[in-house]
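K.L.:
The structure follows.
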Amino acid sequence: MILAFVETDASGATEVSREALTLAARMGAPLHAVVVGALPDGVVEQLGRYGVEVVHHAVGDAVAAFGGAAWAAAVQDAAGDAGVVVAPGTPRGMEVAAHLAARLDVPMAANVVAAGAGDPLRVTRQVVGGSVLEEMELPARPAVLTVAGHAVEDEPGDGVTATLRTFTPQVADADLVARVVSVEPVDDAGRSDALTSARVVVGAGRGAGSAAGFDATVELAELLGGALGVSRVVTSLGWRPHHEQIGQTGSRISPDVYIPCGISGAIQHWAGCASSRTILAINSDEAAPMVTKATYAVIGDMHEVVPAINAEIRRRRG
Amino acid sequence: MADVLVCIKRVPEVAGEVALTDDAQGVDARHVGYTISAHESCAVELAVRIATGTGGAATVLTLGTDDAVEQLRTALSLGCSRAVLIEADPSGFGPADVAREIAAVAREHDVVLLGNDAADTGDFQVGIRLAYALGRPVVNGARTVEVADGAVTAQVDGPDGIENYAVPLPAVVTVLEGGVEPRYPTITGRMKAKKVRVETVTPQRGPDGPGRVRLLLPPARPNVVEVLGEGPDAAKSVVDLLEKLGVAR
Ligand SMILES: Cc1cc2nc3c(=O)[nH]c(=O)nc-3n(C[C@H](O)[C@H](O)[C@H](O)COP(=O)(O)OP(=O)(O)OC[C@H]3O[C@@H](n4cnc5c(N)ncnc54)[C@H](O)[C@@H]3O)c2cc1C
């Protein structure tokens, strides 16, 4: 059996979870899924479309709040004698998978982009922020792996009718010590969701020049109904908050259009934006890696180019 | 008084093209410098703050070769007072090996801080495996960490907002960049760091290894960039493009 740990939000299985399911379904059958916590309406049917035969739903006080150890205990319970356990390459997916691997004393491969068949199982995964790939062998059973976000196309497969199995996992007291005791909601302006789910992202880097140099890029993002993202130089200098950072140690984005302005395109930044569908780079240096890797580019000073674009958009809207 | 251990890893500071070694087992770092992950810089900062705030001490640890003393000295110059080198070639050690070796040193410390994931191997598991090896609770991906009254409180950015954790000592916490601003070394800090004797220990046993078959570079995406223009005159072509892509509304 192949077991996929699936994260959900109000709309169902999250995007990276669906990508992970797509990869899991290709690894063999039967495919099962485990959901811990909220089970949104329609998610059992949705998972069936990816070939999931059984959805294990963990319920009970022990898993009501998130805790890496308790949630991993639930996944371990559902895994039975699974040959492979797959999780999404999100912070929680990574955390639960690492707990599971530690509990079972088996290796874990993070950020997998492709998996072979064969024994021992051989996977390809992203290392060095995605700029290098590693072929790795996972000889132990179950093989535990997480699937890198936006590296596999989300594709439902041969649909089946999934059945739901609800269970209350046995969780030891020691596994309940580190768990979320309270959550402070933050308004949209204080979180990275807007950035990771935006169709259009306008980026700004050192070229912005100072904390006061973001007005035009912020305006462009607003005009396009998108979000602002920045480079690490910008957050390190305290010009913008860290939740806006794109890259290896920031958010991974995959918008339809990414417009990086005054960003050189260092590999750690590229790690976070490589899966953008179209990149339009605005940079004064035509040799900057961001320019040479982009689909389109404008060569020039962002402080002149971006206001001109904003003016043109406003002019056409009348 | 909290005794903190902070674990770091020396990694190549690559920014442009990455090259691999001839045996395809590592990144060729002959022409670049070395650094530690941004997550670990924040972990060092938090370790020093906790040590200062509680009147305790911060020890920095790495598993690496003699070269990694450079990164240990940087942490010493920032306020750590002891440094431990587990002397070994890190490329032969998998995350479970590293966790086992850190555990052998970590038992005497109240709090162990690590980065969320290493900048090179990106395994996302050493801290969690360490916690199991020590039989201690672990908070993963914390932006802020405080120690008071025998407990660690930590904040994590979760899907529904800022998640608060409170766990009793001793504990393990892995740190994500963004919650604190790492300080810069002072001249007196550097002078002090030079005088500290780095404690060297040998691994408990040979590693099981990372399971690595080989590294490879992703196929280069052949790319021809279309330059829309230079300077503000390009605005018209840009908006034409945005309209064509259906995002200019
Ligand atoms: C372990 C590690 C993790 C990292 N994680 C991240 C990460 O998550 N995200 C990240 O972004 N970086 C990360 N970095 C840093 C990364 O290596 C780069 O230093 C950083 O991305 C550079 O930011 P930048 O492009 O804004 O600045 P620079 O590299 O300085 O580039 C500025 C660019 O702006 C252009 N420019 C200047 N003025 C103008 C102007 N007026 N108009 C137009 N163009 C102009 C220049 O031509 C240049 O291309 C990490 C580094 C390490 C070592």
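Every residue, even glycine, has its Cβ placed from backbone N, Cα and C.
Note that the structure is predicted; figures quoted are calculated from it, not measured.
TrEMBL lists A:2-180 with the feature domain 'Electron transfer flavoprotein alpha/beta-subunit N-terminal'. The feature FAD binding site is assigned by TrEMBL to A:Arg206, A:231-232, A:245-249, A:262-269, A:Asn283.
Provide an account of the burial state, proximal residues and distances for the features listed.
P.N.:
Long-range neighbours of A:Ile263 (FAD binding site) (same chain, six or more residues apart, CB within less than 8 Å of its CB): A:Gly203, A:Ala204, A:Gly205, A:Arg206, A:Gly207, A:Ser231, A:His269, A:Ala281, A:Asn283, A:Met290.
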K.L.:
Using DSSP reduced to three states, classify A:Gln248 (FAD binding site) as helix, strand or coil.
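P.N.:
Where A:Gln248 (FAD binding site) sits, the three-state DSSP reduction gives coil.
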K.L.:
Using a Cβ-Cβ cut-off under 8 angstroms and a sequence gap of six or more, which residues of the chain neighbour A:Ala266 (FAD binding site)?
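P.N.:
Spatial neighbours, sequence-distant, of A:Ala266 (FAD binding site): A:Ser231, A:Pro289.
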K.L.:
List those binding-site residues among A:Arg206, A:Gln248, A:Ile263, A:His269 whose Cβ lies under 8 Å from any Cβ of chain B, in sequence order, or write 'none' if there are none.
P.N.:
A:Gln248
K.L.:
Among all chains shown, work out which of the binding-site residues A:Arg206, A:His269 has the most CB atoms within 10 A of its CB.
P.N.:
A:His269
